[in-house]
């Protein structure tokens, strides 16, 4: 290979020394989530054709004492001159790559080309066994009826179909990790372990929006999969004892499972925005403490007009004080996605679940007026048995926060692809 030939390909280089990386305003990096325990990164436009003459670098760091495991979900670039293992063109993607370092830099460079999807890569620390990629489906494990895998952080935004819902199960062709986020068994920004159980399939799988992901209608299949969890595995719709609001009207359905809340101002052209200085909330009392795992919301159609709440906060009562539900591992208030129309239901999962008797829904934005139907999901609360201090207690480590500030901007008009 001539000494002046510019390399196009994929390079992995490990280092224990700080790396000084240039920054440019252009960004030719694809989707990425860089967490301390796991993450995902991809070339720009993936799964479309990656751009010409682009350059991007990411740095992966995991806690000292751990090493990094890489796994490709996809690897497809036009064949060019190359360095190290990958030289482009069609070839089987490599198996898991085990490094001996806690720091790794991924460098992606491309030349002039016509086609190629680029790459999609997952990583985790070595102690997380059975690492999946964001493209792994239930159908990829046909001979296993119950299995445990590990999902990396960041799969929710990666292209991949999800059909079904946690209530009935997911079609076997659904991608596993995105389905796990949809089901609420893991949080996308952290990833985590999943336990999958395979069952007989259904004739139809409904399209449901949950935790920011829209699943699709699915047709008849021989098998489906669902997730096994320890937190309210037999969750049901909780029955409210009573409700109250800061304003407007509300009522409980005849079967006692759902609460309708709507403004008194239901005339076209009249908006609740006029009363924005007054706090608005719907309070639901469950008679006794319950473990509340999630919430279902739907808009309402009143006098032929559709109304819905776009997003909202959640408050719960703890020791006679109202507290706002905050983001996991954070002190910022959590803003939950509401509805986009008055017809379709949206589900959100609480991480962690809430143990409380009373809960408030506090709308932040809405369409014309506040109007929504609310159902709470959960199960009975079982008070923990006191543990003697001399007893052996094990606790599963919680995921750490993702890191986003170590990715350098791409350098324009360069051509190569590499990882350090």
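Any Cβ shown, glycine's included, is placed from N, Cα and C.
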- Query: Under TrEMBL, which of the candidate ranges 274-291, 292-309, 310-327, 328-345 is annotated transmembrane segment?
  - Reply: 292-309
- Task: Identify which of the disulfide-bonded residues 29, 56 has its Cβ surrounded by the largest number of other Cβ atoms within 10 Å, counting every protein chain shown.
- Result: 56
- Task: By DSSP assignment, list the helix, strand and coil residue numbers for the domain 'CUB' (29-126), in that order.
- Result: 0 helix, 49 strand, 49 coil
- Query: When the domain 'F5/8 type C' (261-379) is classified with DSSP, how many of its residues are helical, how many are strand and how many are coil?
  - Reply: 4 helix, 75 strand, 40 coil
- What are the helix, strand and coil residue counts for the domain 'LCCL' (128-225) according to DSSP? 14 helix, 38 strand, 46 coil
